[in-house]
Amino acid sequence: MIPNDVRITPELIAEHGLKPDEYQRILDLIGREPTLTELGIFSAMWNEHCSYKSSKKWLRTLPTTGPRVICGPGENAGVVDIGDGQAIIFKMESHNHPSYIEPHEGAATGVGGILRDVFTMGARPVAALNALRFGAPDHPRTRHIVSGVVAGIGGYGNSFGVPTIGGEVNFDPSYNGNCLVNAFAAGLADADKIFYSEAKGVGLPIVYLGSKTGRDGIHGATMASAEFGENSEEKRPTVQIGDPFSEKLLLEACLELMASGAVIAIQDMGAAGLTCSAVEMGAKGDLGVELDLDKVPCREDGMTAYEMMLSESQERMLMVLDPAKEKEAEAIFVKWGLDFAIIGKTTDDLRFRIKRHGQVMADLPIKDLGDQAPEYDRPWIAPVKPEPLDPSSVPAPNNIGEILVRMLGLPDMCSRRWVWEQYDHLIQGNTAIGPGGDAAVIRVERGPKGLAFTLDVTPRYCAADPREGGKQAVAECWRNLTAVGAEPLAITDNLNFGNPEKPDIMGQFVGCIEGIGDACRALDFPVVSGNVSLYNETNGKGILPTPAIGAVGLLDNFEERVTIAFKAEGEAIVLIGETKGHLGQSIYLRDIAGKTDDRSAPPPVDLAVERRNGDFVRAEIRAGRTTAVHDISDGGILVALAEMAMAGGIGASVKPETALPLHAWAFGEDQARYLVTMPENEAKAFIARAEKAGIPATRLGTTGGNELTLNGGVPISLAGIKAAHEGWLPAYMAAGAEL
């Protein structure tokens, strides 16, 4: 008989995030009342964060295979073949709730967790990126959260030794009570030496590796599956504490152990800690698992079985080991100064059995913990399709130059230098394009190849039209990779939404998934990994739908990359793609015209046009016929032009030939467009090649000087533009330091 001295009450069930019908399902599965430890295990395995019970139905509709895909969703990270016997392993994951409660530690451990997902599979991490969403700048907590999150990411990544080379930062009132911290990591491995979490073999030792177990992070996964209320500050003890130096030791020890041939299966201890890692390893291999918690290294006295099973202490791994190499494995971990303990074994009875002080504290059917988790087909309401906005209905500014300067200094448009200068983006010595461009690029050691990385989503588009917003997030990633000369390979998604029990929120989720799927199929851009973060609500108010997309591309030769910077004076500037002046959901409409409650349609995404235009631009880059390339997104043509000018320190003169209102031409956010420069004597041939391919190509102007001039009007000094662009974020953060 399993001892159970805690009465399981409806209140206790609710505290564990379980619904009454879910608890009844537990009773039906095990035929008795669970112990407290067993209740905690079910709570961890059946919460939204671990089971994907609200999203699984829709995630299955995404395309996940392709000629280069070695491993798609279901493992710690996705694996994609990059040729020459090498693979890139990558994933993006959220750490939203912890980062709001304790910004520094929440963000730091988000980085640590995603790095473990990558090196658990045998890869050495080579790049990190992050997508950050904060509340309104005038909200009293925003500065504190920005400061803590950025310091946490920088402190962990810099100490661990991985370059943080790109990302996104946005501000919006919908994130006032729920910031988003989405961390991306990628690593390189030999394609034939990938390590998986599926346990194989009966009676094999299960080994605990890494840091000791403490009480930090207990119920972290459960917290990530619920919305916040007034008392969210009280959840601080559920935030994990990270140590990047221990993680670096764990990385080196794991890679050395993998090279020894001792590892049969490996899983990092992330959400739900020892519970989730042990269950996943056993269930995937159709094996049972027996653990003796007396053998788990602990850093705190008197820990109960419940606490040990649900702790989310960081920098820990679980491994199934070849018994013949047990001593060799232990020697490696002793060498690196890390805890190594055999805490259990695999069994053939498909039970998940936990012992503490000689007593059985849990004895559950291991497959049911995952396979029998509830799966919901939640009701959803399709959003009303918004109407396109007539650009002539949007007021024109008196002075376009002044508006450009204003736009470049907006919180959502200003330089992120204050953020990325706190990250070491050059460590490892392989960064070819760092933060500030369309995509970051690193050199791949052992050859000429390069890898490109980008993160993108436009939440205001997703709120207005989820399907178009989902398509646009993928398409912009595809454009950003293309703009540096990379072949887009695959994506990872990080789907951040509000409460899925609300049909309108579930409708947003479904629409975005449909749009992501549309784009991935049309662009041959499979989804190989991802994460879902739901219940991003505070006091019933949800965030904007934010399906962040991380993408990876391949350059055959990293020397062929291009950047957004103008390279020389006197070069031709050519616009690729059609401009229709779409101002619906634009930065201009929201922040300049003041239409913050705009209900118009975002710019539509024509995926066939995206592919055609992008393939042409990439071919021109690879042929060496371009000197600078920039995709056009937030803010439109004029903002993209200013960004190219600032990056190169060279001005430009442009004369658009358009029947559109000038502000719609300048600030419209039509998709599938690029600005491209080339030597003057090659411009006619470039345009002729584009026209032959059926692609709109328009000569806009010429680079030169230290000003931007539109239609021969009053020139705008680059110095003034740059001051506005670079000034807002440092001034905003400095103002907080003075308070």
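Going from the start of the chain as shown, residues are counted 1 onward.
Every residue, even glycine, has its Cβ placed from backbone N, Cα and C.
Swiss-Prot lists His49 with the feature active site, giving sequence analysis as the kind of evidence. Annotation comment: Swiss-Prot describes Tyr52, Lys91, Asp493, Gly530 as ATP binding site. If you look up Swiss-Prot, you'll see Glu93, Asn531 marked as Mg(2+) 1 binding site, on the strength of sequence analysis. Taken from Swiss-Prot, the feature substrate binding site covers Ser94, His95, Asn96, His97, Arg116, Gln240, Glu312, Ser313, Gln314, Ser533. Annotation comment: Swiss-Prot describes His95 as active site, proton acceptor. Sequence annotations record features per position, and here Swiss-Prot assigns Mg(2+) 2 binding site to Asp117, Asp268.
The structure, with features from Swiss-Prot marked on it.
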| residue | record | DSSP class |
| --- | --- | --- |
| Tyr52 | ATP binding site | coil |
| Lys91 | ATP binding site | strand |
| Asn96 | substrate binding site | helix |
| Asp268 | Mg(2+) 2 binding site | strand |
| Glu312 | substrate binding site | coil |
| Asp493 | ATP binding site | strand |
| Asn531 | Mg(2+) 1 binding site | strand |
* What binding-site residues in the list Tyr52, Asp268, Asn531 lie within 10 angstroms of Ser94 (substrate binding site), counting C-alpha atoms? -> Asn531
* Structure fact -> Close to Gly530 (ATP binding site), taking Cα pairs within 10 Å and only the recorded positions His49, Asp117, Glu312, are none
* Glu93 (Mg(2+) 1 binding site): which of the recorded positions His49, Tyr52, Asp268, Glu312 is the nearest Cα neighbour? -> His49
* Asked: Once the chains shown are all counted, how many other Cβ atoms turn up within 10 Å of the Cβ of Glu93 (Mg(2+) 1 binding site)?
  -> 26
* Structure fact -> Cα of Gln314 (substrate binding site) to Cα of Asp493 (ATP binding site), in Å and rounded, measures 23
* Structure fact -> Among the recorded positions listed as His49, Arg116, Asp268, Glu312, Asn531, the Cα nearest the Cα of Lys91 (ATP binding site) belongs to Asn531
* To do: Can you tell me which binding-site residues out of Asp268, Asp493, Asn531 are within 10 A of the residue listed as 'active site' by Cα, answering none if there aren't any?
  => Asn531
* Structure fact -> Across every protein chain in view, the count of C-beta atoms other than its own within 10 A of the C-beta of His95 (active site, proton acceptor) is 33
* To do: Enumerate the residues of the same chain, Tyr52, Lys91, Asp493, Gly530 excluded, that satisfy the criterion Cβ within 8 A of the mean position of the Cβ atoms of the recorded ATP site; list them in sequence order.
  => Leu59, Pro73, Met92, Glu93, Thr492, Asn494, Leu495, Val527, Ser529, Asn531, Val532
* Are any of His95, Arg116, Asn531 (the recorded positions) within 10 Å of Tyr52 (ATP binding site) when you go C-alpha to C-alpha, and if so which? -> Asn531
* To do: Compute the C-alpha separation of Glu312 (substrate binding site) from Asp268 (Mg(2+) 2 binding site), stating it in Å without decimals.
  => 11
* Among His95, Asp268, Asp493, Asn531, which are recorded as recorded positions, the nearest neighbour of Arg116 (substrate binding site) by Cα -> Asp268
* ATP site span - longest C-alpha distance across Tyr52, Lys91, Asp493, Gly530, in Å -> 16
* **Pairwise Cα distance maximum in Å, substrate-binding residues per record: Ser94, His95, Asn96, His97, Arg116, Gln240, Glu312, Ser313, Gln314, Ser533** => 20
* **For Arg116 (substrate binding site): DSSP state (helix, strand, coil)** => helix
* Could you state the CA-to-CA distance between Asp268 (Mg(2+) 2 binding site) and Asp493 (ATP binding site) to the nearest Å? -> 20
* Going along the chain, which residues six or more apart from Asp117 (Mg(2+) 2 binding site) have their CB under 8 A from its CB? -> Asn76, Ala77, Lys91, Glu93, Ala185, Asp268, Gly270
